[in-house]
Amino acid sequence: MTIDDRGQIRSARRIVVKVGSSSISGENAGQIGPLVDALAEAHGRGSQVVLVSSGAIATGIPYLALTERPKDLATQQAAAAVGQNVLIYRYQDSLDRYGIVAGQVLLTARDVENPTHRSNAKRAMERLLDLRILPIVNENDTVATHEIRFGDNDRLAALVAKLVEADLLVLLSDVDALYTKPPQESGAERIAHVGWNDQLEGVEIGSAGPSGVGTGGALTKVSAARQAAEHGTAVVLTATSLVVDALRGEPVGTWFAPAQETAVESAPAS
């Protein structure tokens, strides 16, 4: 189905949710529980849910006795190898409360670009969803190199949404929406709705926080949202703390209308 407004979110067949490193690692690791609560609620309504989760490298950093994100590729790969294991354990531990089983899917850019690999990935994802498994997707940082990386999981999330033909993509961040200028500045206004042909210039989404563990920003999120919308997937960009409201169709964050949408959302900005 094509979702033309937030009121249809509760009946979405397939939903992809993307969460960034800074939202679920370090001092924010406790947000995994509430995030899973929201995913489980949507799953319980009958929606097929896919989670695209960053955080392998960031989660692995303290286990390697490092104090900051490593700059060299080999140490990044080592941190990812350790962190991905811990991250999946944390998700499954939380999902156990709902009797939901997670399935780990690790992809590289080549897996999506190569037709044979893409077909295999799609088949596996389709089967997982048919079995009511909740796929948790991440870039395969342990084998990815600088030349074949997605660069950020916002782009990966858009590609996954296309791969599984999702009705909705929810891009989670540290702030609640796109703004006309940095949200901490006076006069900043939330952008509640972005139509397919709307031009976005000078928008802000705020910083990723002081941790420096993520790789995405406003431009990557807008680009990913546009990419998903181009293929008929509605997009909500909002804060991780608002994921429950977003998946209930509440007027939070910024709504990106899918390409074939004709109706304009009437919810006022706040």
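Just so it is clear, glycine is given a Cβ too, placed from its N, Cα and C backbone atoms.
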Review point. According to Swiss-Prot, ASP141, ASN153 bind substrate; which of SER53, SER54, SER241 is also listed for that site?
Key: SER54
Practice item. List the Cα distance (Å, whole number) between LYS18 (ATP binding site) and ASN153 (substrate binding site). Key: 8
